[in-house]
Amino acid sequence: MNITKIKERQKRIRNFSIIAHIDHGKSTLADRILEITGTIDKRVMQTQILDSMDLERERGITIKLNAVQILYQAQNKQQYIMHLIDTPGHVDFSYEVSRSLAACEGAILVIDAAQGIQSQTLANVYLAIENNLTIIPVLNKVDLPSADVPRVKGEIKDILNIDPEMAISASGKTGAGVIDILERIVTQISPPKGDPEAPLQALIFDSYFDPYKGVVPSIRIINGTVKKGDQILFMAGKHVYEVVEVGVYNPKQISKDYLAPGDVGYLTAAIKSINHVSVGDTITSNHKPAIQPLPGYKKMNSVVFCGLYPIEINKYEALKEALEKLKLSDSSLVFEPESSSALGLGFRTGFLGLLHMEIIQERISREFGVEVITTAPSVIYHVYNLKGEKILVDNPSKLPSPQMIERIEEPFIKATIICPEIYIGKVMELSQNKRGSLQNIEYIDQQRTKINYLLPFSETIYNYFDKLKSLTKGYASFDYEMENYRVSKLQKMDILLNGEVVDALSLIVHKDFAYSRGKTICETLKSFIPKQMFEIPIQAALGKKIIARETIKAMRKDVTAKLYGGDVTRKKKLLEKQKKGKKKMKTLGKVDLPQKAFLAILSAK
């Protein structure tokens, strides 16, 4: 290995991310960059090339971060090695963005020239500033008839405090402005620092499981070099392996002789144990280890919890394996075994938000062939008992009895909503109905406003975002950050079917909303549970007190149909016998809850 050559090459490396609000055309712009630089042959080019999951292409969103190496011949006749790390735009996946930015020196901030700055644009800019990145603003979709470049440039100056003249006008659709972006990357983003002669320090920013190669970590080399045959040490767990292969993504894997400072790539070391590789860990040399690991990432804590149960009981182990493999690249996913009398064995699983929960559920189904039932999502409550001890409760069934509770605190969020001025009233009404308190209203320009609300997190995890979108005809954007815990009047509500508590349907509700919530759930269940041969009462209860009830009438079989003539005593006898049979059936009968009923309850709230 020629150290002088490595240092020369390092001066020509540029690492950058593309960050944007969801739907601002980030993946399309990435496609054009790959196409114009010849990284991907036009014949194999497909839309959203970096969105490797079918799920990402179908939904038109980026879920996972992806890395790719680009070779670019600049106008100064030098060839530059660029590493583009694509990032998601949805609020639930902001941890993926922070992981990407930790592996970069610069960020391209994509702003839709028609929609302007949205809430997630702001959040991403703050993340980039936190990571001391050079920000290159790009106005995308300038070819649209609705594009308003002067207005959006004004927003860049007023809201982001970035010189609007620095913004590049571009179109991911036509490829206009892409060369300007690449030239700006060359001149403005600094090459990576790092000493190739220092002990190896490589940051793991992603990983996945390959059935042939084992666990494959994606890494960014900070210091030192790594090549085939090296003995490496994972600093968190002190596990030692021998490197089998190193390489880069193009976007498929391409094997290389070595990786040096600034390189973004992968390594394989026949790692069979999933638990040995964790995102944010540092890989170093076993013979000449680094003194301390890299700072890694801010740990993302799960904020939404629900039960995941396999529909087929014998798929429990398959579900466990699926969750373990998904956790490899998704360190925010947490799970522990739990059991339910209604649903059997499953897992209590933690997520970063409802979209995150939905995506994991869909990936388990598609990638591992396991169909699951999800219970109602819940947040973490702080419950204080009479001794003043704090208990963390993420499952309503774990809530102590009311006599043992001194107070319950729930998490609140600071929500930022950007919407057209004409929808302020509707947004405020929705937020007030969700127990929100208005903090601030700021006018961005003549048309748009930024509204800050303090909201209970439990009220927003159901359908707040969907309702916000429909009330504002899709124009509102929503972002949030966790605020603090506050005391609330909360208690557990049980749902009873045929007199039996269904633990999977229990939830923690605010006392003022208990009746309406209970009534809605009972009505929803009534329309989804099929009729039986016996009557089924559906009840919502706070402790021993029933607050709402619906009844599913029994199916009626005409037992007198075979009678001819008018023998009324025979008729009465048969009806009496049927009545006794139904009574017995009711005491022994078990009511099965269809998955549709669970899903309907989630959307009904």
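Keep in mind that glycine also has a Cβ here, set from the backbone N, Cα and C atoms.
Among the features that Swiss-Prot reports, domain 'tr-type G' is placed at 11-193.
According to Swiss-Prot, the GTP binding site annotation covers D23, H24, G25, K26, S27, T28, N140, K141, V142, D143, on the basis of sequence analysis. Residues near V142 (GTP binding site) in space but far in sequence (CB under 8 A, at least 6 apart, same chain), listed by position: A113, V149, S169, A170, S171, A176, G177.
When secondary structure is read from DSSP and collapsed to three states, G25 (GTP binding site) falls in the coil class. Taken residue by residue with DSSP, N140 (GTP binding site) is part of a strand. Mean pLDDT for the domain 'tr-type G' (11-193) in the predicted structure: 76. Neighbours of S27 (GTP binding site), defined as other CB atoms within 10 A of its CB across all chains, total 27.
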